[in-house]
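Reviewing the structure listed below.
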Amino acid sequence: MSNSFIGRNPSILWFLLALSVFTIGVTLLSEATGTGLISTSFLKTLGKTLCLCLVAIAMDVVWGYCGILSLGHFAFFGIGGYAIGMWLMYARTEGIVTGSLSGSALPPTPQEVTDAIGTQIFGVVGSSEFPALWAFSHSLPLQLLAVVAVPGLLALVFGWLAFRSRVTGVYLSILTQAMTLALSLYFFQNDTGLRGNNGLSGLQNIPGLEAVPQATISLWFFWASAVALALGYILFAWVVSGKLGSVIRAIRDNEARVRFLGYHVESYKLFVFTLTAMVAGIAGALYYPQAGIINPAEIAPIASIYLAVWVAIGGRGRLYGAVIGAALVSLLSSWFTGGSAPPINLGFYVVKWTEWWLVLLGLSFVAVTLFFPKGIGGIFDYFERKRLPDRQGDYGPDKGALRQQEGVE
Amino acid sequence: MSTLLEVSGVSVTFDGFRAINNLSIQIAEPELRAVIGPNGAGKTTFMDIITGKTKPDEGRVIFGEKSVNLLGMSESQIAQAGIGRKFQKPTVFEAQTVRENIVMALKNPRGPFDVLFKRRADAREERVREISDEIGLTEALDQTSGALSHGQKQWLEIGMLLAQDPRLLLVDEPAAGMTPQEREHTTDLLVRAARTRAVVVVEHDMEFVRRLNCKVTVLHEGSVLAEGSLDHVTKNKDVVDVYLGR
C-alpha cells in the first residue's frame, strides 16, 4: 500500500529529498559541526522557518483543501509554544533556585523551593503564587501532552459549536478571528497567570543542557523541526490523498451536495480543523524554544492573517505550495525587516524597507490573488503542462450554456 | 409492491407564499413515478422536503417499513437511509476525476475515520467499472469531470446515484440539455433502475414522460391535481386548464 501511496504522490519524495539536502547542507555549514558559514542566529531563523512551514501546511489543509479560511491557526501555534514554554521556565528556574538555596545552612523545604520559583517567575507581574494554569508545569510529559491536547480540545469545542450551526465562508473566518483576538486578550491579562505582556522568556535555555553550547542546541532543534516537517508533510499528504481527500475537497467545492451523498459534513470539518490545530501546536512547541521568547502578541489575529497570506502566495491546495510560500515570505520578511535590505534612494525620498516591507507584502498578495490565483506552486503546473480545464459553471440547462459538441477536448 | 414513502398533509410557506399546500403522495417500491406540473407548482420544494433541505411547517414524511420519520433527520442521515437525489443542474465535483466522483458516492461507511483508514481499493474498483459501463463513461474514468459534456455530467450524476444504491431515487429534470440519443439512453437507465427500487422523476418534457410509460402525478400550486397514467391525466379537464392548455 505504501508503494502505491508514494507512487500516486510523487511530490512527497521530491519534497523529502529537497528537505534532506537542505538539512544536511545547513548542518555541514553550521557553527556546531562545520565551517560556521551559517551563524547560530541564522540557524535558529532557518529552524523557525521550518516550523512555520509546518503550520503553513496545516493551514493549507484546512483552507486550501477543506475551504475553511481559519484565522485562528496561529493561535493554536502560540498555545503549543506556551505549553512547552511553561515547562522550560519552571524547570530552569527550579534549577537556579535549588542552586542558590543549597548554600544556606538549613536545607530548604519543598514549600520554600516552590515559593522561590513562584517569586522568580511571577515577580514581573507582582505576584508569587502559582496560578492553576501552571499545575502541571513541573512535568515535561504532561506539558508535552498539553502541546497537542489544548489546541486540539479548543479546536474541537470551537469547531463543534461553529460547524454545527452551519456557519461558513467569511462569517466563519470572522468567528475564528474573534476567537483568536479573545485568546490573545486573555493571555495579555496579568491575572491569567501567563506573565501578561511579558510572556515567557529564556526559552532557549534548555534545563539540564546548560553545559551544551547554543550552537549545538540550535542544531538539534533545527533537526527536530526538519523531522517534524517531514512527518507532518507525510501525514497530511496521506490525509488529503485517497477518499478522505476527495471528500474534503468536495466539501470545499459544494458542501450541500456532499450532504446529499450521505456524508456528515460537520464531522469532516471538525476532523480536519482539530487535526490541523494539533499539528499547529506541535509546530509552535518547536518554534518558541528557538525564538527564546513568546508573548501574547504572537497570538494576535495579525499572525494568523500572515499565515493565510503565506499559503495564498505559495499556492493553496498543494502542500509544497504552502511550504514554498511560508519559507519564502518569512525569510524575505526577516531579511527586509532585519535591516539587511539596502534602502532605495529616490532622491526626494529614501525607501527604508523596515517601513515599506509590509506595503510590498500587501501589494504582492494583491498581485498574486489577481494574476496568479494558483500562487507560486502554480509554476509546477506550467512545467508539467497539466492544465486543469476550468469549466466550473460553464455547463447548465440554461440557454446559452455550452453544449455537448463543445464539451470534450 | 409495498409503500416505501408516504408524504401526508405537508405544507410549506416561504415568506407568506404557500409553496406546498397540504400535499400527500405515496410511492411504492419498486415503482417509477413521474411528477409534472407548471413552473412554481412545488416540484423542487417537494424534493427538498424529502431530502431534508427544507423543513415543512406541518405534515408527515414516513419512509421504509420501519416507518422512520424523515423530518427529524439531517440531510446526510436521510441520504444514508437510502434516498438519493439528482439535481436539476448537474452537480458533480468538477475538479475531481470521474472515478473519484463515483468512489465518493459508493455505498460504504461514511464516517471520517472509516474513510481515512479503510482504503481497500480493489473491491470497489469492480463496482466502479460496473457503474461506469452502465453510464458509458468507462473511457473517461480518469478524466476531470469538469471536462465532460453537459449530458455526460448528467449521466455521471445518475451514476453517482446508482453507486449510492438508494431505495428511493429522486431525479430532477434528467433530460435537460441532452441530445435525443442521450435522452433515450437516460430513459432506459431510469426504467431499468426502477425495476428494483422506487424512482421519482420530475420532468417538464412530455415526450420524455411518455417514454417512461409510468404513473404520473400532476402538481399544481403545491398540491396534487391529478394522478394516473399519462393518457388519463392529460384528459383531466383541470390539468388541461392549468398546464397543458396554456
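Backbone N, Cα and C atoms are what each Cβ position is placed from, and that goes for glycine too.
As recorded in TrEMBL:
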| type | residues | note |
| --- | --- | --- |
| TRANSMEM | A:12-30 | transmembrane segment |
| TRANSMEM | A:42-63 | transmembrane segment |
| TRANSMEM | A:70-90 | transmembrane segment |
| TRANSMEM | A:140-163 | transmembrane segment |
| TRANSMEM | A:170-188 | transmembrane segment |
| TRANSMEM | A:217-240 | transmembrane segment |
| TRANSMEM | A:267-287 | transmembrane segment |
| TRANSMEM | A:293-312 | transmembrane segment |
| TRANSMEM | A:319-336 | transmembrane segment |
| TRANSMEM | A:356-383 | transmembrane segment |
| task | Report the listed stretch (A:12-30, A:42-63, A:140-163, A:267-287, A:356-383) having the maximum count of Cβ pairs within less than 8 Å of the transmembrane segment (A:170-188). | result | A:140-163
| query | So what's near the transmembrane segment (A:42-63) in sequence-distant terms, Cβ-Cβ under 8 Å and 6+ beyond its ends? | reply | 26, 30-31, 69-70, 73-74, 77, 215, 218-219, 221-222, 225-226, 228-229, 232-233, 236, 239-240, 272-273, 275-277, 279-280, 282-284, 286-287, 290-291, 307-308, 310-311, 314, 316-319, 321-323, 325-327, 330-331, 334
| note | Long-range CB partners for the transmembrane segment (A:70-90) (under 8 A, at least six residues beyond its ends), listed in sequence order, are 55, 58-59, 62-63, 117, 121, 133-134, 137-140, 143-144, 146-148, 150-151, 154-155, 158, 172-174, 176-177, 179-180, 183-184, 187, 194, 200-203, 205-207, 273, 276-278, 280-285, 287-289, 291, 294, 296, 298-299, 301, 303-308
| said: Can you see whether the transmembrane segment (A:293-312) and the transmembrane segment (A:356-383) are touching - at least 3 CB pairs under 8 angstroms, only pairs 6 or more apart in sequence? | reply: yes
| Sequence-remote partners of the transmembrane segment (A:356-383) [C-beta within less than 8 Å, at least six residues beyond its ends] | 309, 311-316, 318, 320-321, 324-325, 328-329, 333, 336-337, 341
| task | Quick one: find which recorded stretch in A:12-30, A:217-240, A:319-336 has the most Cβ pairs under 8 Å with the transmembrane segment (A:267-287). | result | A:217-240
